[in-house]
Amino acid sequence: MTFDKIKVENPIVEMDGDEMTRVIWKSIKDKLICPFLELDIKYFDLGLPHRDATDDKVTVESAEATQKYNVAIKCATITPDEARVKEFNLKSMWRSPNGTIRNILNGTVFREPIMCKNIPRLVPGWTKPICIGRHAFGDQYRATDTVIQGAGKLKLVFVPEGTDEKTEFEVYNFTGAGGVALSMYNTDESVRSFAEASMNMAYQKKWPLYLSTKNTILKKYDGRFKDIFQEVYEANWKSKYEEAGIWYEHRLIDDMAAYALKSEGGYVWACKNYDGDVQSDFLAQGFGSLGLMTSVLVCPDGKTIEAEAAHGTVTRHYRVHQKGGETSTNSIASIFAWTRGLAHRATLDNNERLLDFTEKLEAACIGAVESGKMTKDLALIIHGSKLSRDHYLNTEEFIDAVADELKARLLKAKA
């Protein structure tokens, strides 16, 4: 049966990806998006061969288009290492597309679990979601690192604009064979945007907000994060938070990691770039699976976002797929990349029909899993060593099951 397509007034940016996620991405579009929406898609192929062919210009162009149209939906992509350079015969070991996009958009990545009642959690005490906000600019991800050969002095030098009066810090006096060195940075402007985005997210959810740093060791670097967050809170959010019955608090990263493990959830955790990289995967596993995690990059303007799956390109499954074998790849996080991006488009455009559609598609995913229709990774969490083939669906069967569930929900709403 055909459905009246919902008209989406403004375009979205689509960033295609690699390997198995590229395969499921097309299936999601063909079965869950295009049959129901009249949608203007600005398409960018971020698959590794096309990034190589364009000298990675396509990645920059996709980020610039996101700034123009405010909504991007991204498939998982390969970040090449030495082995990938050989495999694809690349011109260069291109940077992480996520890193490039995040640095252009200068946003905060918020990750949150997709909770299904029948999927057991490794941390059973987590009865409420934990939303982790990762500052997606600077620190180790924009650092200059080097191998030091031999003895010598390592210095850090700052030369203020318009003057020759430089400030010099002696970092270390190397003796013997040498070692390694790293210089990294962040900006007040970016940290302030991170603070605003985190405060806003927690306020929308009516959850408390925690910022974690190691300001006892990095007194100036992490201390700056702590001070700026406090300034932003006092100036713009304190009265709103008190009214909503929520709070903001700074905690040391080690203390916060321990607290997270024993808490029940139900808060936003603002992390510096590296901490957020690590802790978001820790949270995903604790809640059940990286395949059950949403990931949205929120920009400082509050109206530009990029939604993506929180996992990689599922290379192992792709190798099986290439040989014509059966795969059972979890597409939920990729489906939620589409729903979260389209939901934001709906909010910006004041499109209630589109917003309702995204809610029904998310409910269809969760409904399918809770009715026992799931991919192998989720079935394994439930059945463990007793897992058999009839416990799970293959890649396409699962997307078909979600499509059936979605159609049933749309028809029910029509009736």
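Cβ atoms here come from the backbone N, Cα and C positions, even for glycine.
As written in Swiss-Prot, here are the features:
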type    : residues                                                                                   : note
BINDING : Thr77, Ile78, Thr79, Arg84, Lys262, Gly312, Thr313, Val314, Thr315, Arg316, His317, Asn330 : NADP(+) binding site
BINDING : Thr79, Ser96, Pro97, Asn98, Gly99, Thr100, Ile101, Arg102, Arg111, Arg134                  : substrate binding site
SITE    : Tyr141                                                                                     : site 'Critical for catalysis'
SITE    : Lys214                                                                                     : site 'Critical for catalysis'
BINDING : Asp254, Asp277                                                                             : Mn(2+) binding site
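Compared over the binding-site residues Asp254, Asp277, the count of CB atoms lying within 10 A of a residue's CB peaks at Asp277.
The maximum pairwise C-alpha distance among Thr79, Ser96, Pro97, Asn98, Gly99, Thr100, Ile101, Arg102, Arg111, Arg134, the residues recorded as binding substrate, is 20 Å. Within 10 Å of its Cβ, the residue among the recorded positions Arg111, Lys214, Lys262 with the fewest other Cβ atoms is Lys262. In the three-state DSSP reading, Ile101 (substrate binding site) counts as helix. Taking Cα separation as the measure, Thr77 (NADP(+) binding site) is nearest to Pro97 of the recorded positions Pro97, Ile101, Lys214, Asp254, Asp277. A 10 Å radius around the C-alpha of Pro97 (substrate binding site) takes in these recorded positions out of Thr79, Tyr141, Lys214, Lys262, Thr313, Thr315, in sequence order: Thr79.
Put simply, Tyr141 is the one of the recorded positions Tyr141, Asp254, Asp277 whose Cα lies nearest to the Cα of Ile101 (substrate binding site). DSSP classifies Arg111 (substrate binding site) as strand under the three-state reduction. Counting only residues at least six positions away in the same chain, the Cβ atoms of Glu19, Met20 sit under 8 Å from the Cβ of Thr315 (NADP(+) binding site). Pairwise Cα distances among Thr77, Ile78, Thr79, Arg84, Lys262, Gly312, Thr313, Val314, Thr315, Arg316, His317, Asn330, the recorded NADP(+)-binding residues, top out at 40 Å. Cα to Cα, Asp254 (Mn(2+) binding site) and Lys214 (site 'Critical for catalysis') are separated by 8 Å. Around the Cβ of Thr77 (NADP(+) binding site), 26 further Cβ atoms fall within 10 Å across all displayed protein chains. Under the three-state DSSP scheme, Tyr141 (site 'Critical for catalysis') falls in the helix class. When the binding-site residues Thr79, Thr313 are compared by the number of other CB atoms within 10 angstroms of each CB, Thr79 has the fewest. Here Lys262 (NADP(+) binding site) is positioned 19 angstrom away from Arg111 (substrate binding site), judged by their C-alpha atoms.
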